[in-house]
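**Student:** The structure follows.
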Amino acid sequence: MALERTFSIIKPDAVAKNVIGAIYNRFESAGLRIVASKMLHLSKEQAEGFYAEHSERPFFGALVEFMTSGPVMVQVLEGENAVLKNREIMGATNPAEALAGTLRADYAASIDENACHGSDAPESAAREIAYFFSDEEICPRTR
């Protein structure tokens, strides 16, 4: 088993539903440790930069608008196989296809407002973590 870090966003729809604590509980109950966290209201530029890989997709404008519509929580999670574990906790991108008990099944209303984001690979996790956090902001949890 590999100790990994992954990146997670609790999106504006889930923040508005006041389920941040419930989501953090899911992370911790699954063995993931929160090693960095902050609430932000993304600027248009931040959202466009973060989702740049989707800039040519038809949903890009709506995605940026949604991600800037209210505050988000960004966090770094650490644990054994953290990337895969977080993706399992989140569930399918489309909440209609997400398994019961996953974050998206429980808290998302649609594929467009789907409650959370999680890195899809260790490489994207490293890039996404660096986008929002400096090394000094990450607090390894040794106890």
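Each Cβ is built from the backbone N, Cα and C atoms, and glycine gets one as well.
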**Student:** Swiss-Prot records LYS11, PHE59, ARG87, THR93, ASN114 as ATP-binding residues. Which of ARG5, ARG104 is assigned to the same site?
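**Tutor:** Among the candidates, Swiss-Prot records only ARG104 at this ATP site.
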**Student:** Quick one, of the binding-site residues THR93, ASN114, which Cβ has the fewest other Cβ within 10 Å?
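**Tutor:** Ranked by other Cβ atoms within 10 Å, the binding-site residues THR93, ASN114 bottom out at THR93.
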**Student:** By the DSSP assignment reduced to helix, strand and coil, which category contains ARG104 (ATP binding site)?
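**Tutor:** DSSP call for ARG104 (ATP binding site): helix.
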**Student:** Counting across all protein chains shown, how many other Cβ atoms sit within 10 Å of the Cβ of PHE59 (ATP binding site)?
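**Tutor:** I count 12 other Cβ atoms within 10 Å of it.
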